[in-house]
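Colleague: The structure follows.
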Amino acid sequence: MASEKPHMNLVIIGHVDHGKSTLVGRLLFEHGEIPQHIIDEYKKEAEEKGKATFEFAWVMDRFKEERERGVTIDLTHRKFETDKYYFTIIDAPGHRDFVKNMITGTSQADAAVLVVSAREGEGVMAQTKEHAFLARTLGVPQLIAVVNKMDATQPPYSEKRFNEVKDEITKLLTPIGFKNVPIIPLSGYKGDNIMKPSPNLSWWKGPTLMEALNALQVPAKPVDKPLRLPVEDVYSITGIGTVPVGRIETGVMKVGDKVIFMPANKAGDVKSIEMHHEPMQQAGPGDNIGFNVRGIAKNELKRGDVCGPANNPPTVVKGFTAQIVVLNHPSVIAAGYKPVFHVHTAQVACRIDEIVKTINPKDGTTLKEKPDFIKTGDIAIVKVVPDRALVIEKVSEFPQLGRFAIRDMGMTVAAGQCIDLEKA
């Protein structure tokens, strides 16, 4: 049963054209997730178009127009099972989607696979650096690096070329804080060293990609942290009373607990808890629950309030410091800009009070202190003041409540995380 194995979200990152989609296609194919007839059909189609080496990549690039252009755009979720884990692959094609999804936590990755091409003239490139730095900044806890396209080195499967690229990867990852990262030679296209050791790489004594994936650590469920449950909705049920609904992000809720909702500042007792219409005595991280609270009226709570223990209330802020990435803004952002911040289930207009500095996406160093404005592509530290009471936590303490998206003009213009705060 898939559901009994721990679940892992895996994000595939790296420079464009270094073989991410081919690797994903290969993994799915090897795990029997793609029927042979589809592979045959793709192969025939690719050959007709003169792209004989694209068969596995085409599994991911399944839209006609993408195939014509040879580009992956859709963010695709694919699943496969190993002996140990149930993986969901978050293919990260469009840089922008990737950053937005990673930051807002819609696809919080438990691990990343960094794909670097071994082909001459490729190796570690601009986007490789940027993706690695973002993975670190956004709290991806573990990383596997793969040196792909080993079949395309001169001569093929060159140990010398592997070592050159391996050194480049180590130089990139060590300063930004990724330690003990396995760096594995393979070929996504030919299938070398994916599931089993390859005679073409007889010099390689380390793990296959599969062994490295199985060696990843299970993401810890944050049960030891204080309870935090962002409210999605509130109902009043005849004969029962007020029933808030939401997903527990951290901690545990038990029947009988004294809880408080912030910023509403309303306290009550948990009388009952239900999940999927089944009563339960306690619920934990990841559980979507409805719970009845005594002592609070329906109209006293709303979406965006956060429930926590009465003796450890969720943090209401007067202002906070954030690291943001500008994803898509038509002009520039200056101090005084007031878009809507989407934090957990809350949506609150916030003013960017001050742009403290911009940051180099390759290594995290300061580019410019107090710039007048920031634009698409910039990473910056900013000071933010919400228009009304807002619960947000430091990403270092409650990552699930510290990430946000910034929306304006009907689109996500930036995303970020709270790195420091001033309590209200």
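Quick reminder: no glycine exception, Cβ is built from N, Cα and C everywhere.
Sharing the features that Swiss-Prot gives for it:
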{"type": "DOMAIN", "residues": "5-223", "note": "domain 'tr-type G'"}
{"type": "BINDING", "residues": "14-21, 91-95, 148-151", "note": "GTP binding site"}
{"type": "REGION", "residues": "14-21", "note": "region 'G1'"}
{"type": "BINDING", "residues": "Ser21", "note": "Mg(2+) binding site"}
{"type": "REGION", "residues": "70-74", "note": "region 'G2'"}
{"type": "REGION", "residues": "91-94", "note": "region 'G3'"}
{"type": "REGION", "residues": "148-151", "note": "region 'G4'"}
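Describe the structural surroundings of these features, if you would.
Modeller: Over all protein chains present, the Cβ of Met150 (GTP binding site) has 30 other Cβ atoms lying within 10 Å.
Other Cβ atoms within 10 Å of the Cβ of Ser21 (Mg(2+) binding site), summed over all protein chains shown, number 25.
Beyond the region 'G4' (148-151), the same-chain residues lying 6 or more positions past its ends with a Cβ under 8 Å from any Cβ of the stretch are 18-19, 22-23, 115-119, 122, 157-158, 162, 185-190, 192-193, 200-201.
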Colleague: Using all protein chains in view, find how many other C-beta atoms are within 10 Å of the C-beta of Lys20 (GTP binding site).
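Modeller: Other Cβ atoms found within 10 Å: 26.
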Colleague: Rounded to a whole angstrom, what is the C-alpha distance between Ser21 (Mg(2+) binding site) and Gly14 (GTP binding site)?
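Modeller: Just about 11 Å between their Cα atoms.
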Colleague: If you average per-residue pLDDT over the region 'G1' (14-21), what number do you get?
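Modeller: Overall, the region 'G1' (14-21) comes to a mean pLDDT of 80.
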